[in-house]
Every structure is written in structure tokens, then in C-alpha cells.
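Student: Questions regarding the structure given below will be posed in turn.
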Amino acid sequence: MSNLFVFSSLLALCFCYVSFAFDPQPLQDFCVADAGGAVRVNGVVCKDPKKVTAEDFFFSGLQKPGNTSNPSGSRVTPVFAAQLSGLNTLGISMARLDYAPWGINPPHTHPRATEILTVLEGSLHVGFVTSAPENRLFTKVLQKGDVFVFPAGLIHFQRNVGYTNAVAIAGLNSQNPGVISVAANVFGSNPPISSDVLAKAFQVDRNIVETIQSKF
């Protein structure tokens with residue numbers, strides 16, 4: 001077996017793994033999600049094209065501020081395939097993010113998407129952390145009109161660093177990027193992760209872990 005053949009085979013294998021890491025490319029003009037369909041695939045089955053209308057490609061509501069009256073002081077208004085059925089198979093989505101003064105969008109990840117964010121109003125302190133072993137923090141304060149990108153799968157956050165409300169728009173390269181909120185997923189899992197496990201993982205007293213779990 002030649003070295004060239006081995007290299008070609010490995011390269012093809014890599015491309016296969018990369019292709020399965022993101023949303024598949026559409027094979028037709030559109031595939032409007034049929035939320036009521038009985039068939040379930042990796043995504044949502046297509047609606048009969050003859051029954052598709054302009055409303056399937058339309059969403060209204062991003063002009064409305066999100067309710068930030070919550071412990072984090074932020075609200076995400078998603079426009080994913082679940083909210084806009086015409087996004088199905090197109091590999092993109094977006095969201096509006098509202099922040100009360102000093103509100104945060106807590107550390108989280110999108111397992112299936114890179115995120116690009118632009119500030120419409122206010123000032124945001126944003127950042128992401130690279131994977132182990134470096135765990136390197138990249139952080140920046142953004143002003144109105146600034147853009148920042150969060151690589152797929154990495155933990156990232158945003159914080160309003162002003163005394164007025166802040167607003168941002170995010171674009172993501174998946175119709176369903178998913179979200180894993182670090183604190184909520186770890187301390188609010190159902191059923192709960194053993195407090196002994198978390199106490200050892202975070203190197204704190206078990207009572208501290210149980211106090212945090214009680215908040216989720």
C-alpha cells in the first residue's frame with residue numbers, strides 16, 4: 001500500500017468527520033419544517049412544497065425587547081428552525097440578546113455552531129475560553145457596531161458593562177445550535193449530579209455545592 005494511498009484515505013476520513021460536525025447541505029431549494037410530521041430525522045421532515053407559503057420564511061418580533069427581569073439580567077430571543085420553519089436545512093439561525101444594566105449572558109456553549117455577535121446598543125464585555133490544557137481566555141469590551149466571534153463549542157459569555165440597557169444580534173451557523181449553560185447544566189441537572197462528585201470536581205465543601213444546586 002503506497003504512502004499516497006494511505007494519506008488520501010486519511011484525508012478523506014477527516015473530511016467525512018468534518019462534514020458530519022455541522023448541518024448537512026440542502027439538496028433542494030428549501031425544506032420547510034413540518035412540525036406536525038410523524039417522521040423524525042436529523043432535523044425535521046420537509047413540508048409538502050405545494051403547501052409552503054411566504055409565511056413559512058417569515059418571523060416577526062425581534063424589534064421587541066426581551067424581558068430581562070431574571071437573576072441573570074438578560075434574555076435571548078431565538079430565531080431557530082423551531083421559530084422559523086423555513087430555516088430547516090439551511091444551516092443558519094440568529095437571536096436577539098437583551099441585557100439589563102450589568103446583566104450577563106452566563107457562560108455557555110453552542111455544541112453545533114460558531115456564533116458571531118454584533119452590538120446594536122450599549123457596551124458589552126465578552127469572552128471565550130479555549131479547550132484544555134491551555135484554557136486561554138480571549139476577552140474584549142465591545143461598543144455599538146463592534147463584532148466578535150465565538151468559535152463552535154467553546155465556553156463564552158457576555159456582560160453589560162454600562163448603566164443602560166444593551167442589545168446585540170447573534171448569527172449562528174446551525175438551524176439548531178443548541179445551548180449548554182455551564183452552571184445550569186452542571187448544578188441543575190435532572191436527576192442531580194452527586195454533590196460529592198461536584199464538591200471534589202470544584203474543590204469546595206459539599207454544603208456549598210448543595211446551596212448552589214438549590215438555586216437551580
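FYI, residue positions are counted from 1 along the chain as it appears here.
Every residue gets a Cβ built from N, Cα and C, even glycine.
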Student: Among Cys14, Cys46, which cysteine is annotated in TrEMBL as forming a disulphide with Cys31?
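Tutor: So the cysteine that TrEMBL bonds to Cys31 would be Cys46.
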Student: Over all shown protein chains, what is the count of other CB atoms within 10 A of the CB belonging to Cys46 (disulfide bond)?
Tutor: 20
Student: Taking the domain 'Cupin type-1' (60-210) alone, what is its mean pLDDT?
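Tutor: Mean model confidence (pLDDT) across the domain 'Cupin type-1' (60-210) is 96.
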Student: Rounded to a whole angstrom, what is the C-alpha distance between Cys31 (disulfide bond) and Glu115 (oxalate binding site)?
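Tutor: Glu115 (oxalate binding site) has its Cα 23 Å from the Cα of Cys31 (disulfide bond).
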Student: Return the residue, from the listed binding-site residues His108, His110, with the maximum count of other C-beta atoms within 10 angstroms of its C-beta.
Tutor: His110
Student: Relative to the mean position of the Cβ atoms of Asn105, His110, Glu115, the recorded oxalate site, which additional same-chain residues have Cβ within 8 Å?
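Tutor: Result: Ala95, His108, Thr109, Ala113, Leu117, Phe150, His156, Ala170, Leu172, Pro177, Val179.
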